[in-house]
Amino acid sequence: MIAKVKAFFRHPGRLIPLLFMGVILAGTLLLLLPVAHLGDNRTSFADALFTSTSAVSVTGLAVVDTPVHWSWFGQFVIMLLFQIGGFGIMTSAVLMALLVTHKLGLRTKLATRMEVSQALNLGDFKAILLRTIVFSLICEAIMALALAIRFSTLDFGLGDAVWYGVFHSVSSFNNAGFALFSDSLMSYATDPWICVPIALGSILGALGMPVIYEVTRRHWGRRQWSVHTKLTLIGSAILIVGGWAAYLVIEWSNPATFGQWPWYDRILPAFFQSAMVRASGFNSIDVGAMREDSLLASIILAFIGGGSASTAGGIKVTTFFLLLLVIWAEVRGEPDVTVFRRRIDPPVIREALTVALVYVACNAFGVFLMQRFEPHIDLTSIMFEVTSAFATMGQSTGITYDLSEPSVWLLTIAMYTGRVGPVLFAASLALRTRKRLYRYPSARPLVG
């Protein structure tokens, strides 16, 4: 009996969700302590659970005002939770990748050995983990120093400047999006000394452990990088630049967002929004005042998300661009889907399509439920809120504080599912072992 229980919990498909759930519950209990909140503030179990889930899933949504509600102890607990959550996400994703690789057949291993070995040194998981942790801590330390120096010049005391620098650097690299300002970073929208380090930290954190490991291991060997790394880097750059241009065009004359500044001060907020919306959830403009087409662009970018095995959410950059490559191959009548002189195997294409469709279905179901719970809120805001939670992006149009308890529970489940679900679902697709010794005759039903 004991052996069966141990075997049950050793399976990573069960262990990883339970570990995340355990950390969330521990964080909830810590946030319920009287020392965790300021003054006469009171924290309900639902609010503590929501905040803990948002931190561990590195989402950044909040039902209470972080700097006003939580004490220094509560803020430290939140920072600890999203640091643990960030490391846990990257580690569990790579662990599942290792298990998938061990399940591959000999022919598949030989065919993909070069590609896989470039992306990850699968024989040395400890080296991958250690390199990523060291890289993460170095990046966080550099960003914390830069931010602390800047805050110290803005009438912050030395202790506050250091604390604010550390908190926001860890929050940005882990794509958590929690800020110690009630308006997030709107007061510093045109300050490059604050926005640029936070944006760069979020971009690096959204690349993913395999990309970080490969790039830091092979400084000058760009031509030898794996297809995964190339797709992630090029795809991320395209999405950032594309989002940057889209926000500039749409919001240029909006007096509630970019229109309040001279033309040269609109460049940085547009870049910051483009970098944040796929990952971190910090905002330097009033998201609720953005035009509807900007909100739609944000929903699409959040849906795509960041790199695989990263702290960002979404269906992932590689999944999105693989689907675009499938469409391009079909339009051109190509028999194979190819990229960087490599052919993409059909099972990978099916997995990408399945992940995207399941993601859309779950998100649509969440929108349907919240629309039932909050009939007085417009559909666009609900779509944005649910996508933000499910994609663990963290931005909000401002409705989070006013949601009913059923909606708070719905977003809590969405954040947890959006964090642990994609990794486990993608791994389960790759690990399935069902085989048939026969095949049915082919058919060609009409499409379109």
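Glycine too: its Cβ is placed from the backbone N, Cα and C atoms.
Annotations in TrEMBL come from automatic prediction, not curation.
What TrEMBL says about this one:
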type: TRANSMEM; residues: 15-33; note: transmembrane segment
type: TRANSMEM; residues: 76-100; note: transmembrane segment
type: TRANSMEM; residues: 128-149; note: transmembrane segment
type: TRANSMEM; residues: 193-213; note: transmembrane segment
type: TRANSMEM; residues: 233-250; note: transmembrane segment
type: TRANSMEM; residues: 295-328; note: transmembrane segment
type: TRANSMEM; residues: 348-370; note: transmembrane segment
type: TRANSMEM; residues: 407-431; note: transmembrane segment
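Scored on C-beta pairs under 8 angstroms, the neighbour of the transmembrane segment (295-328) with the top count among 15-33, 193-213, 233-250, 348-370 is 193-213. If one looks beyond the transmembrane segment (233-250) by at least 6 residues along the same chain, the residues whose Cβ comes under 8 Å of a Cβ in the stretch are 203, 206-207, 211, 215, 225, 258, 266-267, 269-271, 273-275, 277-278, 291, 293-294, 297, 301, 304, 306-307, 317-318, 320-321. Here the transmembrane segment (348-370) has Cβ contacts under 8 Å with residues 303, 314-316, 318-320, 322-323, 326, 337, 377, 379, 382-383, 385-387, 389-390, 407, 410-411, 414, 417, 421-422, 425-426, 429-430 of the same chain, all six or more residues outside its ends.
Residues 9, 43, 45, 48-49, 51-53, 55-57, 70, 73-74, 77-78, 80-81, 84-85, 88, 92, 95-96, 416, 419-420, 423-424 of the same chain, all 6+ positions outside the transmembrane segment (15-33), place their C-beta atoms under 8 angstroms from a C-beta of that stretch.
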